[in-house]
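The structure appears right after this line, and notes come after that.
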Amino acid sequence: MTHLSFLSLISSFLFLSLNPAALAYELPRWDDCDGATNYTANSTFAANLGQALDALSNSTAPTGFNATIVGNGTESVTALALCRADTTQAGCRVCIDAAVVDIRQKNCPMKRFAQIWYNDCMLRYADVNFLSRADVSVVLSIWNTMEVSNQDVYDQSVRMLMRNLSNMAGESQTLHAVGWTRVPDNRILYGYVECTRDLSADNCSRCLSNARIGIENCCMGQWAAWVATPSCSVQFSMDPGFFDNTTAAVPEILAEPPLPPPPTWAPESDIQTDLTRVKRNGGGGRGMVIGISGAASGTVILTVGCSWMVMKGKKKVKRSGSRMEDDEVGETVTESVGTRSFLYDLETLMAATDNFSTANRLGCGGFGTVYKGKMPNGEKIAVKKLTVGSAQGTEEFTNEVRLLQKMQHRNLVKLFGCCIQGQEKILVYEYLSNRSLDHFLFDKSKSALLDWPKRFNIIIGIARGLLYLHEDSQYRIIHRDIKASNILLDEHMNPKISDFGLAKLFPDERSQLRTRRIAGTFGYMAPEYAARGFMSAWSDVYSFGVLILEIISGRRNYDSQLEEQRQVLLNLTWRLEQQGKLIDLVDVTIGSFPQDEVLRCIRVGLLCCQQRTRERPIMSSALVMLSNQSVSVPTPVRLGYQGSRVNSLEISESSSRDSSNHENENASHNNSVTISVVSGR
């Protein structure tokens, strides 16, 4: 006798009414395309969608996951498919093929974004790039109405199981976890959680945490439940067939005190089953009531009886975060800081730094000096004292206060506050004991401390920080000065992006601006910015690409002490790639390293340094290519610099016109990078 998992209850109805061989193609489905606008049949978007869905059909089954981006700009399609980890390759292929047909022809025809869920797989696409970003909005909640005994103890077990599985999933390479625990009446509660594999471990944990809140809101005291967001899902059930497809041992998730192993389950008797599907919130849904009576004839398949409730939350796809209004940009520093706790007294900072003594000096920049300080409570701080009378320094100071106090991310340096007293302008940051990346990277006596795991962690951390600035924060920020000396390292060598004095806040409607004041560091500057003043998120991407090459090679982007053909790091890397000797670029002090992973990182670095901005990846795409185990990286075509000169740039006519304004809007930028991601289960 085969017991069906709780989501398979509906498919049992199909089993009774259809040919069993066709059952896999008629799996239950729930969709979400509420609020989506339509595309036209012969449009570029339709063609891109077809190509993206074909890629998912062809490439998902071997590993259970695939993601792709096809096309440019507003007509691009980002698509993702995920099969449940215990689904066979054949079952995964069948499920994804069914999803492709259903989402285009039955459930969400002609929609510009849609998602569909089955028992064994999920498929999602949209006209915006959602890769690497956790969408934590609960859009689907399913539960049954069978009562459980001793609900308080049962609910504690549900919370414990879901919490522990979520922690396990965040530590798993495949971002999923399964397990069981014992509940009252000597019953077994089974659990399964998973995230889409484009997410970081942190984003997966955040998504699962929100899904668990969804469980709290709908499903405590229930016999089984499934809550899904676009990026993750959590499930629990007391159906003993919950893991029928699982070949690996399912671990027990222990509470205190430890409990005995589960008993052997006896087959269930025939049970009358009522299934209910209710309308979505806000209307527009389909409703049906299905009654099933399981009958035995020879070897029969029976279902566990229960009543089910499905709630589908109405959801809007977030197109872009809200941006800072123009009038906010003109606020004074005092208005910006808002709270007195952000303001430091000059005497306090003088005491903390021993009157800004040279013994406490950590380094000097273009507009001031940084000192180590210690507050009366023992807290260590970094104090940046701007050069008195520097008009440019005042502008950088104001810019940094306005931007940094509004942003919180583990890969951005934390601004504690500032001091504005007389002629003094001082910034107070968290203290990072290992100073800046260049302090280690370009010193051969220290570079050996940066083995490959540390360097890879630094690359990924910088990418996450830039992704937050460009795409994930409330404001869209372009840093404009990404370089090794602006990457600070904490005691565990985790990177934090610093020095936001040149950072630029972008209005929501603009993708590229032009400035007459070129500021930054040559060698890291994108060619279109260095030559013509055009800045965008892809300017930071270019700088990030150069920095990747520096981190892996252990040398600066330009070194006049070397022979001429090796002086420019970018050209050297490109030449080694053409010669098939790219591995020769790796720093000899790096120790042992996984060759495939290092080569992939170098090639992503080259891709970030393409001459044409539209051939560079956006940060979310770059992070996906860097952080997944198996990635198809587009082949770089033409780098931004040849030798030490700036190439002629292919900039649209509307972008290259001079203007009397300090900054002008440029034509919209289209990114044409296509990626396919495959991760092992």
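Including glycine, each Cβ sits where the backbone N, Cα and C put it.
Bear in mind that TrEMBL entries carry predicted annotations, made automatically and left uncurated.
Taken from TrEMBL, the feature ATP binding site covers LYS385. DSSP assigns LYS385 (ATP binding site) to a strand segment in the three-state reduction. For LYS385 (ATP binding site), the count of additional Cβ atoms within 10 Å of its Cβ stands at 20 [all protein chains shown].
The domain 'Gnk2-homologous' annotation in TrEMBL covers 27-130 (among others).
Per DSSP, the domain 'Gnk2-homologous' (136-241) is made up of 42 helix, 33 strand, 31 coil. Positions annotated as domain 'Gnk2-homologous' by TrEMBL: 136-241 (among others).
Annotation comment: TrEMBL describes 356-631 as domain 'Protein kinase'.
The feature region 'Disordered' is assigned by TrEMBL to 650-681.
Under the heading signal peptide, TrEMBL lists 1-24.
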Taken over the domain 'Gnk2-homologous' (136-241), the model's mean pLDDT:
87
